[in-house]
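A.B. asks: I'd like to ask you about the structure that follows.
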Amino acid sequence: MARNKIALIGSGMIGGTLAHLAGLKELGDVVLFDIAEGTPQGKGLDIAESSPVDGFDAKFTGANDYVAIEGADVVIVTAGVPRKPGMSRDDLLGINLKVMEQVGAGIKKYAPEAFVICITNPLDAMVWALQKFSGLPAHKVVGMAGVLDSARFRYFLSEEFNVSVEDVTAFVLGGHGDSMVPLARYSTVAGIPLPDLVKMGWTSQDKLDKIIQRTRDGGAEIVGLLKTGSAFYAPAASAIQVAESYLKDKKRVLPVAAQLSGQYGVKDMYVGVPTVIGANGVERIIEIDLDKDEKAQFDKSVASVAGLCEACIGIAPSLK
């Protein structure tokens with residue numbers, strides 16, 4: 001049986017980490033694509049040379065031409081400019097939209113049957129544009145955001161409660177930005193909802209509110225510390241989790257940016273929601289009940305994403 005083929009568009013820090021994780025998990029053969037000559041070839045060779053040590057069998061190919069991604073089962077897109085200190089995800093819009101147009105054309109021509117995961121920021125607008133540029137069906141194109149945001153939320157909660165991250169579940173809805181909506185009511189430790197843990201005296205509402213804000217600022221916190229780049233380990237791990245659920249038909253319930261068709265009162269936009277990811281891509285969108293305050297926060301987040309999509313149309317009218 002032939003191995004799966006995983007194409008990585010962009011061979012920067014996230015791209016290289018994705019390739020390494022795909023190898024370690026033996027998800028398939030990997031093609032690293034980048035416009036910079038030598039970078040994908042060098043990273044591919046470096047990772048391949050680690051395979052005898054780590055004991056995985058996979059082929060790693062570096063390429064500067066989209067023809068190399070032909071027939072890919074999964075395409076993960078990280079191409080574009082990363083955030084730098086003082087930049088918002090939105091500042092990247094104009095630059096990265098042009099990149100998405102080129103990437104979309106490459107996928108459309110060479111990997112039209114692939115499941116596509118977009119990581120490029122500003123995430124919700126970029127995955128929306130990428131789906132349009134590529135012409136792929138919406139259930140085969142998602143944005144990696146909620147898995148990462150939820151992972152950050154889970155980690156911060158595990159620190160606060162001094163428990164294993166495995167026993168913490170958390171959901172973050174909405175856009176991948178400052179307006180994201182971490183849902184305390186639907187987040188648990190060993191099945192116990194966070195509001196109940198506050199009542200039990202495990203933490204205070206004030207501490208919980210600070211953790212929620214830190215989750216919203218999670219990407220910016222790392223950008224500020226690194227000074228020369230943005231997060232790459234956690235984003236790569238999050239995207240690989242989504243890819244693995246698709247390739248192995250695991251049907252994991254994962255929060256991703258998916259195109260909504262009326263759920264949550266939203267149509268034809270990509271917003272972070274809980275989904276079931278299996279061999280058919282997005283197999284189900286889970287619509288959870290939101291209280292008045294949660295709905296207001298979610299609507300605000302959706303409005304922020306809508307503004308970015310409008311800005312995209314201003315730059316590339318063909319998206320309309």
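If you go along the chain as it appears here, the first residue is 1 and each next one adds 1.
Each Cβ is built from the backbone N, Cα and C atoms, and glycine gets one as well.
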A.B. asks: To which of N4, N96 does Swiss-Prot also attribute binding of NAD(+) at the site defined by G10, S11, G12, M13, I14, G15, D34, I119, T120, N121?
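C.D. replies: Among N4, N96, only N96 appears alongside G10, S11, G12, M13, I14, G15, D34, I119, T120, N121 as NAD(+)-binding in Swiss-Prot.
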A.B. asks: Have a look around I119 (NAD(+) binding site) and count the other CB atoms within 10 A of its CB, chains all included.
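C.D. replies: The Cβ of I119 (NAD(+) binding site) has 28 Cβ neighbours within 10 Å.
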A.B. asks: Which one is it: of the binding-site residues G10, G12, which Cβ has the fewest other Cβ atoms within 10 Å in this structure?
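C.D. replies: It is G12 that, of the binding-site residues G10, G12, has the fewest other Cβ atoms within 10 Å.
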A.B. asks: Spatially speaking, which of the recorded positions R83, R152, H176 is closest to I14 (NAD(+) binding site)? Use C-alpha to C-alpha, please.
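C.D. replies: Going through R83, R152, H176 one by one, the closest to I14 (NAD(+) binding site) is R83.
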A.B. asks: What Cα-Cα separation, expressed in whole Å, is found between I119 (NAD(+) binding site) and H176 (active site, proton acceptor)?
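C.D. replies: Distance (Cα to Cα, whole Å): 10 Å.
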A.B. asks: Give me the non-local Cβ neighbours of D34 (NAD(+) binding site): same chain, 6+ apart in sequence, Cβ-Cβ under 8 Å, ordered along the sequence.
C.D. replies: G10, S11, G12, G15, P40, G62, N64, A79
A.B. asks: Tell me which of the binding-site residues R83, N121, R152 ends up closest to H176 (active site, proton acceptor) in space, Cα to Cα.
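C.D. replies: Smallest Cα separation from H176 (active site, proton acceptor) among R83, N121, R152: N121.
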